[in-house]
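Here is the structure we will look at, set down as structure tokens.
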Amino acid sequence: MNPAHLLVLLAVCVSLLGASAIPPLPLNLVQFSNMIKCTIPGSRPLLDYADYGCYCGAGGSGTPVDESDRCCQTHDNCYSQAKKHPACKSPLDSPYIKIYSYTCSGGSLTCRDDNDECGAFICNCDRTAAICFAGAPYNKENYNIDTKKHCK
């Protein structure tokens, strides 16, 4: 085999090994992102809301900085309720990994009737938040803020 071909093959193998160390996104996070894309076409939810305000992204504390951040606070509270919901007791029913069925048509979201009780609850958490984001302004100055300063 040509040495140049071997180098290319080696580079591909090394890059694939490196990619395997990157953890996949929880499936529900992908569904939630797609719901937001339904209500806000052209948006980039995983980038735009991963580190926004006091509540969008991991954790959350203090007073929301704006309406979009309040959507995240409400969503966080809904997920907290889902974790305590009697129908969501299995570890597979975690709101971060639970898969549910929904439809998106013309910017309108519907949680399907074939969801179990836990899936329906989590679907409605995500649906409500996606609709909330669609009605709230996105303020770039609230992205990647100093939470120690602004989230008291």
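Here the Cβ of each residue, glycine as well, is placed from N, Cα and C on the backbone.
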According to Swiss-Prot, which candidate among Cys54, Cys56, Cys104 shares a disulfide with Cys72?
-> Cys56
Same Ca(2+) site per Swiss-Prot - residue from Asp76, Asp93, Asp113 joining Tyr55, Gly57, Gly59 = Asp76
Swiss-Prot annotation, disulfide partner among Cys78, Cys88, Cys104, Cys151 for Cys125 = Cys78
Here the recorded positions are Cys54, Cys71, Asp76, Cys78, and the Cα closest to that of Cys123 (disulfide bond) is found at Cys78
Taking only the Cα atoms, work out how far Cys54 (disulfide bond) lies from Cys38 (disulfide bond), in Å, as a whole number.
-> 24
Of the binding-site residues listed here (Gly57, Gly59, Asp76), which is spatially closest to Cys125 (disulfide bond) when Cα positions are compared?
-> Asp76
Close to Cys71 (disulfide bond), taking Cα pairs within 10 Å and only the binding-site residues Tyr55, Gly57, Gly59, are Tyr55
Close to Cys78 (disulfide bond), taking Cα pairs within 10 Å and only the recorded positions Cys38, Cys111, Cys118, Asp126, Cys132, are Asp126
